[in-house]
Amino acid sequence: MHFQLGKVKQPNYILYLQERIYESGCNQRYAREMRVESRIRYQGYSSMPEYPKGVSSDEEKNMQESETKALFSVIGMTCSACAGSVEKAIKRLPGIKEVAVDVLKDRTQEETIRQTIEDIGFKATLIEETANEKCIWVCRIRIVGMACTSCSGAVESVLKLVPGVQRAQVALATGEAEVKCDHKLLSCKELLQAIDDIGFEAIIVGTGESRNKIQLKVDGLCNENNVQMIVSSLEGQPGIQDIQVEAELHKVSISYLADVTGPRNFIRVIESTGSGQFKATIFPERGGRGTHKQEEIIQHYNSLLWSLVFSIPVFLTSMIFMYIPVLKDGLDMKIVNMLSIGEVLRWALSTPVQFIIGRRFYAGSYKALRNGSPNMDVLVALGTNAAYFYSVYSVLRAASSPNFKSTDFFETSSMLISFILLGKYLEVLAKGKTCQAITKLMDLAPETAILLTLDDEGNVTKEEEIESQLIQKNDVIKIIPGAKVACDGFVIRGESNVNESMITGEPRPVIKRKGDAVIGGTFNENGVLHIRATKVGSESALSQIVRLVESAQMAKAPVQKFADRISKFFVPLVVFLSFSTWLAWFLAGKLNAYPKSLIPSSMDSFQLALQFGISVMVIACPCALGLATPTAVMVGTGVGASQGVLIKGGQALESAHKVECIVFDKTGTLTIGKPMVVETRLLKSMALREFYEMVAAVEVNSEHPLAKAIVEYAKKFREEEESNVWPEVKQFESITGQGVMAVVRNREVIVGNKRLMLKKNVAIPVSAENFLEETEGFAQTGILVSIDHELVGVVAISDPVKPAAQEVISILTSMQIKSILVTGDNWGTAHAVAKEVGIGTVIAEAKPEVKAEKVKDLQALNFVVAMVGDGINDSPALVAADIGMAIGAGTDIAIEAADIVLMKSNLEDVITAIDLSRYTFRRICLNYIWALAYNLIAIPVAAGALFPSTGICLPPWVAGAAMAASSLTVVCCSLLLKNYRRPKKLDALELQGLTVE
């Protein structure tokens, strides 16, 4: 059972309850104070029994200004009748506002209720609820050292095993992990330690705490006393939630409530502390995505450069100089026995490449083998070590023998490492371009803004240029022509055209006037705007879009599981094939199974077999398989974001291409979403102004679009009045899917549809029925109005169909996608709209749960279903559908529930989303075909399949170059997605002027 105590001062009131319980002879354990959590509310205590002695008048006043909640366990309830008797008894207590008794859970709430429950024959025990609410947050971690899907899979598996982690995703393409966990059970350090334990370096990129968090650099922090001074000064400020100080970095991190305070307040407090000895500024950001990528590129470039410095001379001495007589004679000069100068030179030059420049492969192999997930590093380390140490053996034997002529493979190990580093460098360059969508979004935010100070009359008294990170809520910011909008807000003065294409994808500038909302990062073309900040920092639309795209690029597409399954046995299989290749060729040579003339003059059968074995080991490429999906998903989601289609992850991107049926909501989806009153039919003699006064007074309390249309229309009858305060209403009630009702000026007013009127026994005359049929025939909605149970009027509301709706449905039909209309509106209006746009299947007067059920019914028929909607009532269906698409102008709840957000609110973007999904999935399939075909063809060739018939064999360094090229090819293939263009039919619609802003 649930209840809530309203307007009491908890401690003294609990004492009063304890006295009552003691007086009734109950045990003290039943009078324990407990944590609040319920649904019964007390609205003051004018009729309560006397307060306990010692309660002052001020305390009585405080008791009437707060609310409390509590929890009870009720023993003895066996049926709904028992629950009803308990509920009725509690409702009789003074000030109770709401009661809910659950006979299945046997739970109730608060101290006063216990005695009442026992008075009616049940035993109630007040229980203390354990505070086990979870504090869920998301932690983003950059992971250094992952080479292929085996590495990312190992990290992901380890993170999932950490207690408190709910979900962990590791993206190889971005080198980052996203972990959803319970902050009460573990900290970031534990996550970093778990990753470090398996041999990878981990760096925190961001956490769930980063929202409404600012980092300041404070000059002057010299000792612990300074730290305490600053912390003490900040703790006294309202709205500050947490303070963390890293004195060695001169860094102060502050978590705060953006509605209460902001970073400029913190800087002012810090600089006024300690006689002005401290200076505070925004802490310079380091280690951002762009910085990290640049550092990674430089690191790979330096490794490649040094590798080539040593490898090129090795290659020249073994492959080129041997054909130049003078140089050949010099290199063949003997030092000790059969050991030549050329061999010593190649040994000396290849050793730094093998053990210093190539140490990354040893480290990667160690980590992979320790985690039981061998990767590409293992193959490279085995291949290069086999070549290098055989060469060392050959050289040492030549030095100790006067007859042994050695053949070394030093050029194989060094050139192999160089080519792999070249491939990695080019791959990092290409992968960096896959993240350009996020980089471009982040670059939209301006670095500075012009802050205005206004006097009481709204006149500007001061202009100041500040860093955009220092903007606080309710600040007034000046946007000059040619400047970017610094934050989300609304215009309070001025008029200008604003280009929002970088956020919404809409190419045409939007005119902004007083009261219009603006988005941070958009471009002010002409005119000066004064805007009031509403959302700043991480709460801004731009920051939310960046987070959404980042999360989308982290999420794995289901098809990625194919590569994950292959990667588990790929490397062990390649090692087995490599050993088998060497053994087969070695035995064939010993048994004279092939002509000796096939063996190159510089080799024997053992060396030929070793070359084939090494080539097999290094030509196999698990990286191409691992990169096939994530790189395509990264580019695809970035392309979608640039066109105003935000796709929440790889699963949504992949699933959208399978859609066979789309369920459309009507209002705001197929229609413009701005209903207007087009006709009023009064059935009784009364003034139209009076009629709308009564109706608007009720509808102003509703959030429904039709209600807003009525209120907006009613304002026209009082244009001469500055105030839009409507008559006071009492007993307001909203009936979902039917309408609203309330008491206005002591008269009961009901506004709603036909079902509501019949439910309230309001007679509907024939004239009203005829008018309803007429409005429905014109795709309008008829709203009935009853006053004191007598129908007095009908309001006809029209919501025009979007211009492109009919063409969009036609294009979807040509794509073999079925369209269905499901709406809460009446059947007549629904059929009229459906007929206009070309939809054959209609379900009208559907409540939110009915919409969700219809989606499930279609799924039961093996349809892959997409739902397109914009309202709160669409959220259940958006969640139930395989793909939920939310109109960007819709409610936050709908957008949160959806898998794809159409930022421009254009219906044709439904087609763009599906077409982009199909295009991306085809690219993923192409990547997999290339990666698999490469390995299926390259491994047999490297194993010498063509050697007996053609004499063609791949030296190991050539095999390594081929392996590096395969990964690069997959990444470049994904990058071609950036050339995506939406269907030409949609461009034709835009040229015809059928799109809606």
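Cβ coordinates are placed from backbone N, Cα and C, and glycine is handled just like the others.
The domain 'HMA' annotation in TrEMBL covers 68-135, 137-203, 212-278. Under the heading transmembrane segment, TrEMBL lists 303-324, 344-362, 374-393, 413-430, 569-588, 608-628, 928-948, 954-977.
Counted over residue pairs 6 or more apart, the CB atoms of the transmembrane segment (954-977) and the transmembrane segment (303-324) come under 8 Å in fewer than three pairs, which marks the two as apart. Contact check: the transmembrane segment (569-588) against the transmembrane segment (608-628) gives at least three Cβ pairs closer than 8 Å, residues 6 or more apart, which meets the contact criterion. Segment contact is absent for the transmembrane segment (608-628) and the transmembrane segment (303-324), given fewer than three CB pairs below 8 angstroms at sequence separation of 6 or more. Taken residue by residue, the domain 'HMA' (137-203) breaks down under DSSP into 23 helix, 25 strand, 19 coil. When Cβ distances are compared across the two stretches, the transmembrane segment (344-362) makes no contact with the transmembrane segment (928-948), since fewer than 3 pairs at least 6 residues apart fall below 8 angstroms. Residue counts for the domain 'HMA' (212-278) under DSSP (helix as H, G, I; strand as E, B; rest coil) come to 24 helix, 20 strand, 23 coil. Looking just at the domain 'HMA' (137-203), the mean pLDDT is 81.
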